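Positions annotated as domain 'Oligosaccharyl transferase STT3 N-terminal' by TrEMBL: A:98-364. Among the features that TrEMBL reports, transmembrane segment is placed at A:110-127, A:147-169, A:181-206, A:212-230, A:242-266, A:307-327, A:334-351, A:454-478. Marked as region 'Disordered' by TrEMBL: A:408-443, A:694-727. Residues or ranges marked as compositional bias 'Basic and acidic residues' in TrEMBL: A:410-443. The annotation compositional bias 'Basic residues' is assigned in TrEMBL to A:694-706, A:718-727. Residues or ranges marked as compositional bias 'Low complexity' in TrEMBL: A:707-717.
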Amino acid sequence: MLIAYGEESRNSNISFDPVGTGKSVNEASSSGSCAEDLEGEALLSAVRSASGNLSQDCVKTGKALYPASSLSPGRGKCSSNFSFRPSGDAVILGCDKVPSYISRSVAGSYDNEAVAIFALIFTFYLYIKTLNTGSLFYATLNALSYFYMVCSWGGYTFIINLIPMHVLLCIVTGRYSSRLYIAYAPLVVLGTLLASLVPVVGFNAVMTSEHFASFLVFIIIHVVALVYYIKGILSQKMFKVAVTLVVTVGVAVCCAVIGVLVALVASSPTKGWSGRSLSLLDPTYASKYIPIIASVSEHQPPTWPSYFMDINVLAFLVPAGIIACFLPLSDASSFVVLYIVTSVYFSGVMVRLMLVLAPAACILSGIALSEAFDVFTRSIKFQLPGLSGNSHSGAGDTSSGSATIQDNVAKADKQSSTPKSEDTLKERPSRKNRKKEKEHVEKASIKSHIEKRLLVLPLEASIISILLLILLGAFYVVHCVWAAAEAYSAPSIVLTSYSHDGLHVFDDFREAYAWLSHNTEVDDKVASWWDYGYQTTAMANRTVIVDNNTWNNTHIATVGTAMSSPEKPAWEIFNSLDVKYVLVVFGGLVGYPSDDINKFLWMVRIGGGVFPHIKEPDYLRDGQYRIDSQATSTMLNSLMYKLSYYRFVDTDGKGFDRVRRTEIGKKYFKLTHFEEVFTTHHWMVRIYKLKSPKNRVRGKSKKSKSNSKPGSTTSSKSGRRKKNPWH
Amino acid sequence: MEALIRGRLALVFFVLPFLSLLGTPSYVSSQELQIINAERRIDLTSHIVKVFLTLKVENTGTSPASEIILAFPPTQVEHLALLKGAATVGKRKKKNYVPLDVNPTELPDGPNGTQFFSISLLNPLNTGESITLEVLLILTHSLEPFPREISQSESQLVYYHDSAIILSPYHIKEQTTYIKTPSTKVESFTTVEPTNRLGTELKYGQYDGRPPYSFSPIIVHFENNHPFAVVEELVREVEISHWGSIQITEHYKLVHGGARHKGIFSRVDYQSRPSISGASSFKHLLASLPPRVHSVYYRDEIGNISTSHLRTDSRKSELEIEPRYPLFGGWKATFIVGYGLPLQDFLFESSDGRRFLNFSFGCPLVNTAVDKLIIKVVLPEGSKDPSAVVPFSVKQHLETSYSYLDVIGRTVVVLEKENVVPEHNSPFQVYYNFNPLSMLVEPLILVSAFFLFFMACVAYLHVDLSIRK
């Protein structure tokens, strides 16, 4: 096992993002939860209207368009109407505190993901809304919210692949309708046009493979639409002829298009997929070919504890929610199932995508919870004599019967310690719906009432189950509060530790950045590992060589090469980049594990990927990464080692590194091309200045006295030219 | 700096002819004033130079004299932060100091470059009478670090330039100058016989019977590791809210004004040998704030700085702040200190119905020179006719600023002064007219906005806007 370089927790990676300073903590948390509430509400109404309106449409349009084979209107309508309505509240309860979200906003700073998840869920909501209503208005809104998502996060490709998948699923299972067409076709056309307006995306919206699935499905849905249209205007016999005709033509066209696409894709070296997307499909891809992606700890596969940490009990409720979605399966619920399945897969590939899983898990566990409460409270209601006596008999006034059931659900919800405001929240839509539903509820509810009577559970079992569910929810709340307080609310730029004499603050990063911003020239350039790029730009207000934007791999590799080289070549590389200061993060004195020595192997790998003279085995002793006396000489002479441990032995006389838990290998050495200009209080950040070239030449001429002066200078110049990776 | 030296040289060359022109009758001598005894004590222990001058002046002429002229070389006047004069009244035990007005003045035949200040006496000095004057002179940036750049392990040496003989338009019978250095480490000093050095004190004199405009330049080169904390610019915003609080925000641009730091900074040396390494650097600053201060914060542009301590008692509050990093020569830091104060301690109503703010001028940091101080008093919206009363000359102008819910904007009284020292921490007043009703404007805006919003909601819910019935 290498020493801990891959073990930094994900919140150590938040430090890669610049921390905003303006907003107070209160502001942030309140607005954050507002946004999340909004999402929950959106989902609530999405799922609700999904089930409600779907059955309504079935009744209205009847058998005209499409055989209602799998949809049993009667049962589907009633049970779903009653069970799904409170699920929105449960979703809100889950969503507003899920730790996975809280990890994305710390002390007033927001990741773009914090915005993007709202956009993602809102897009899904509008998609389902369009699917249920068939309204072009919502379809347009959907395209706009997709545009918002494209603007905010690269994860928009998830939408543009998930929705086609769902459309395809609907077509395959025979659920094609004009509403599906309206939900999908405008999204592809408008969405792609809008997406290509975003500078980062541009022509990628039509050129890269991530988007091809949507175009393929776009073609398929047109073919299917044509089939349904022809079927409508032709007689039975003529249709059979037409089917064969259209299918052959359609297949031929599809094959041709697919052939063209495959040819296009195969012509590009990465098969048209960007590295990040490829590593999603093939988890081993990145670590094999793109070290810069693999080096980010957010891109590592998660461990099981991180699931428990981030979504907690939701993980156990999700399977129940999936089952609930199949009773009955509607367009909306099938979408939810598809969403959870894909997001579980993606979160298994990358820790960061846990964020996409979180809302899906919240939706499904919300459905599961409310479904469970529904079943249990119904069982109690039918068995408690007092309660059933109060309620009207099922055979009587049907509308009031349904109302009492709703009331009971409301009571059950009150029991589950949900806020009071939910009552009003629930009342409003139910009042609106009731008028519409009145006519067709009547007959069905009698039947369902009898059916429900058969589905009761024992009284004791249901009471205990309700209590246990409430307990589970309470645990979830406790966990979320704990996670938010302990794990996700500490800005990683300021570290704290508790000791016997109270809280100790390690504010070294800002100390160094403040020093840089006040005591160096405005146009000085700072080189550091790319993790600190945005921070240096924002907090120290200095130009950096590489930052957290990893689009330009070569630059990062150059800095990696310099850090892995001995002093002189490193000086030459930095000098050619016009660097004045080099910043390294060193945790050996106080035991801060995510320092540059622990990241050093990635610098070697990334540097070696572009400049082959840097070889990883040179830095490893028998495959082991070590910095003690057994370390290789390449390692001990590398710039990173020297800058990190310069005069470290003077602190305790032995040079004991508290992160690696060993004494360092090379203790006494001098720097020839760099000088220490600043080290923070706990030694966590060390800043070195490149010595001016004049000094360097003088030192050199002293050494090579026999050489004639002009000769030596020319040789040094040519030597530099050879090794400099820029020439 | 070069201009400064050139100026000083020019002065020396200019004064020399005067030394040769002894006994030339002049305007001053026509006044027939002479200084019987002059004692000067120069305190060089910190980076703010304090000169205490005790003059015993006698009128030997025929007409009564109403003012006494002081002369200073232009290099000193350039760095002059404060000049105060007082007359001593009473005998030894019951000494009283009566402050006197000091104003710059021009003398037609003074040596070119020499600057004059006149002290106006309360009662004219009649023939044969004498008076004892106390003059306090405070100079900033008068200690010139030499060597200009030092490394971490060196201690800081500075030059102090002055004249062994007091520059004066009058004949001085006897005079003595004492110079106090912070430590016994004095590298060199100019000797003008008789000169004595005893411990931390240098004594020049006593010199007898020196004619007007005598000048004898001296240089003292000594060690001074006192923190040279200089605030390049300090902006203090005082925002008055008649709802009960005064909010103060102070923006500091701090610099270490001593010898520049050269070469490396080694944390090992700094932490393990604090007495030797970085002797002239400083890491603590003390700010004395008014009592009953609340909601104190200390931050810079990248967030809170956690190294500060606040001690409060009933008479004063002390805020000990530590910049993010120790300051070596030439290093800079910026930070913001803010706090709130109860309104009733500082806002009063004068007898004519106007309100006035009584607040302390100057910088709260102890022993710090401020190159440029800007005080912005933000009056509440609706206040009229502001006027500021400051005990010394400042530049004044008015601005308008906008805050939340402001319609016409708030009047801001801006006071600017350069070269401010702790001795300037005296109260100043800002008078203005204020109608208490204008306090209600902003709540009314909010109330009406919410009212309209709710009314709109009510209207929306009660009106059926659908086209189809």
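Glycine residues also receive a Cβ, built from the backbone N, Cα and C atoms like all the rest.
Curation does not apply to TrEMBL; its annotations are automatic.
Counting Cβ pairs closer than 8 Å and at least 6 residues apart in sequence, the transmembrane segment (A:147-169) and the transmembrane segment (A:307-327) reach fewer than three and form no contact. Just going by CB pairs under 8 A, the stretch in A:212-230, A:307-327, A:334-351, A:454-478 that sits most against the transmembrane segment (A:110-127) is A:334-351. Within the same chain, the transmembrane segment (A:307-327) stays apart from the transmembrane segment (A:181-206): fewer than three Cβ pairs sit under 8 Å, each pair at least 6 residues apart. Note on the domain 'Oligosaccharyl transferase STT3 N-terminal' (A:98-364): mean pLDDT across this stretch is 85.
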